[in-house]
Amino acid sequence: MEVIEGLYYSKDHEWVKVEGDKAYIGITDYAQHSLGNIVYIELPEVGAELSAGDVLGVVESVKAASDVYTPVDGKVLEVNNAIVDDPSLVNNDPYGSWMALVELKDKSQLDNLMTAEEYKKFLDEE
């Protein structure tokens, strides 16, 4: 499973890429691999105010449907409609296929997430 350095990871297998006071959120390689071929993605509304643990969206595959949770508080600034039009993009490039861009409300929440090294250890225990 690919794990990218410089990102933050949740125990629910979401990744967070921070750029200034904004963060891109998507699902990890482990998550997309576990789901199998993704056939449908539901994203949040732009402008939605989300708290850590809220449902960010839904990913459905031929095997299962899974909620995706936001690991941080934030306001949705943008969503990636390309993955709605072609959900297989997430299977092919999970770290390039972000779901939402949010304005971070509290950067200290990042301390609750895992580094790439910590996430690799977490996966080894799964």
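Cβ from N, Cα, C; glycine included.
Among the features that Swiss-Prot reports, domain 'Lipoyl-binding' is placed at 22-103. The N6-lipoyllysine annotation in Swiss-Prot covers LYS63.
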Please list residues from the chain of LYS63 (N6-lipoyllysine) whose Cβ is under 8 angstroms from its Cβ, counting only those at least six apart in sequence. LEU35, GLY36
What is the average pLDDT across the domain 'Lipoyl-binding' (22-103)? 97
For the domain 'Lipoyl-binding' (22-103), what are the DSSP-based totals of helix, strand and coil residues? 17 helix, 35 strand, 30 coil
